[in-house]
Amino acid sequence: MSSGNATEQITPLEGAGIRSETAPAPSRHKLRLVPLLEVRQNVPETQRLACYAASLAVAAAISFALLALSGVAPSDVMREIATVAFSSPRALGSVLAQTAPLVMAGLATAIAFRSNFWNIGLEGQMILGAIFASVVAIYDVGPEPARLVLMAVAAMAGGMLWVSVPAMLKQRLGVSEVITTLLLNYVAFNLLLHLLYGPWKDPVSSFPHTEQYEAFERLPLLGWLNLTWTLPLAALLAGLLWWLLSYSRIGYLLDMTSSNREMARAVGVPVAGLTVAAILASGAVGGLTGFSIAAGVEFRMTQDFFAGYLFSGVLIAFLGRNHPAGVVIVAFFMAILLLVGQSLQIFFQVPSALVQLVQAIFIICVAASEFFLTYRMHWRAAT
């Protein structure tokens, strides 16, 4: 029978006169290893080259294994690389022709990245550059001898106009340029489709593209390996940008601004103006890239002339460390990678998905080597 007071529960041991004591609970805190990243200082060039070579060797080993599973022997792949890239002057010309627009795309992205403006709108700037250049060509603006120069100037103006919108939103309202530049790509693409399916459509073709440019509206041939003036234009831009960033006061101030904006502002550097100038220069080179493909490769404006250059430009700028020399080197090897991939699809019936996977493996391995060259990893015990 229960009473008003709660009865005390007695354990069997306590009933026998033995008091039990509660054992202390085991600690729930366990030691675990936590990775810590430390920025490396002054990595020797020999170590950097060795790391890049190791990353390429790992990527090649993985790629050879995957291709072997599809019936392509490593010897066939090596022979195809030699054939596509270095077997003849014509093969080298094809690589250089593929390299030139990749260099321009990488430079356009690198300029913006050097100013801490994450320009993901290269495709939109290429489209606007080609549209502005086509306005000059279609409506016969200016005399014929100056038509090509006017098209190039108009293309740069189009790229600058398109990148100025996210630049203004970034400077005035703090809107993320990653979002605005990316969304403007879709706006530019739909504007392009409207023109190609509407007022600018070639009346004698069922495909969506403009009429071909006149001969004086095309980038002329160099007379060597069927290369056009796109290659010297890319080389000129790379050399000019290398000089500006490495030896001019503008490059020094831009590096100071990108590394520490507050310190640069404190010593009197016009941070806002310098950043906007770099962003507009990035857009101008992007527009010029679109013009060089339309006037030097397609000889007209098509609906996919810009395809793939956005992410290629970002990767080239990143792997080239936003330096013009690095951009040129990475663009050259990426051109070889793209051409070898096309050759494997044609002659060995390798699926396009596998080719893209192999290309991605090389890019990821090189990017990983860049990470380990930049950071040193330590492990610390923590609770």
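Cβ from N, Cα, C; glycine included.
Sequence annotations record features per position, and here TrEMBL assigns compositional bias 'Polar residues' to 1-10.
For 1-24, the entry in TrEMBL reads region 'Disordered'.
Among the features that TrEMBL reports, transmembrane segment is placed at 49-71 (among others). For the transmembrane segment (49-71), same-chain residues at least 6 beyond its ends with a Cβ under 8 Å from one of its own Cβ atoms are 77, 344, 348, 350-351, 354, 357-358, 361-362, 364-366, 368-369, 372-373.
According to TrEMBL, the transmembrane segment annotation covers 91-113 (among others). Same-chain neighbours of the transmembrane segment (91-113): 83-85, 119, 122, 125-126, 159, 163, 224-228, 230-231, 233-235, 237-238, 241, 278-279, 281-283, 285-286, 288-289, 292-293, 297, 309-310, 312-314, 316-318, 320, 322-324, 327-328, 330-332, 334-336, 338-339, counting only residues six or more beyond its ends whose CB sits under 8 Å from a CB of the stretch.
Sequence-distant contacts of the transmembrane segment (125-142) (same chain, at least 6 residues past either end, Cβ-Cβ under 8 Å): 105, 108, 150-152, 154-159, 161-163, 185, 188-189, 191-192, 195, 200, 210-211, 213-214, 217, 282-283, 286-291, 293-295, 301, 305-306, 309. As annotated by TrEMBL, transmembrane segment applies to 125-142 (among others).
Residues or ranges marked as transmembrane segment in TrEMBL: 148-169 (among others). Within its own chain, the transmembrane segment (148-169) has Cβ neighbours under 8 Å at 108, 112, 117, 119, 121, 124-126, 128-133, 135-137, 141-142, 175, 177, 180-181, 184, 188, 216-219, 276, 279-280, 282-288, 290-291, 295, counting only residues six or more beyond its boundaries.
Annotation source TrEMBL lists transmembrane segment at 181-200 (among others).
What TrEMBL records for 220-245 (among others) is transmembrane segment. Cβ atoms under 8 Å from those of the transmembrane segment (220-245) belong to residues 89-90, 92-93, 96-97, 99-101, 103-104, 107, 110-111, 114, 251, 254-255, 285, 288, 292-293, 296-297, 323-325, 327-328 of the same chain, restricted to positions at least 6 beyond its ends.
Residues or ranges marked as transmembrane segment by TrEMBL: 266-295 (among others). Residues of the same chain lying 6 or more positions beyond the ends of the transmembrane segment (266-295) and with a Cβ under 8 Å from any Cβ of it are 100-101, 104-105, 107-109, 111-112, 114-117, 119, 121-122, 125-130, 132-134, 148, 151-152, 155-164, 167, 171, 213, 217-219, 230, 233-234, 237, 250, 253-254, 256-257, 301, 305-306, 309.
Taken from TrEMBL, the feature transmembrane segment covers 301-320 (among others). Only residues 6 or more beyond the boundaries of the transmembrane segment (301-320), in the same chain, are considered here, and those with a CB under 8 A from a CB of the stretch are 101-103, 105-110, 113, 120, 122-123, 126-127, 130-131, 134, 185, 192-193, 195-196, 200, 207-210, 289-290, 293-294, 326-331, 334, 363, 366-367, 370.
According to TrEMBL, the transmembrane segment annotation covers 327-348 (among others).
Taken from TrEMBL, the feature transmembrane segment covers 354-373 (among others).
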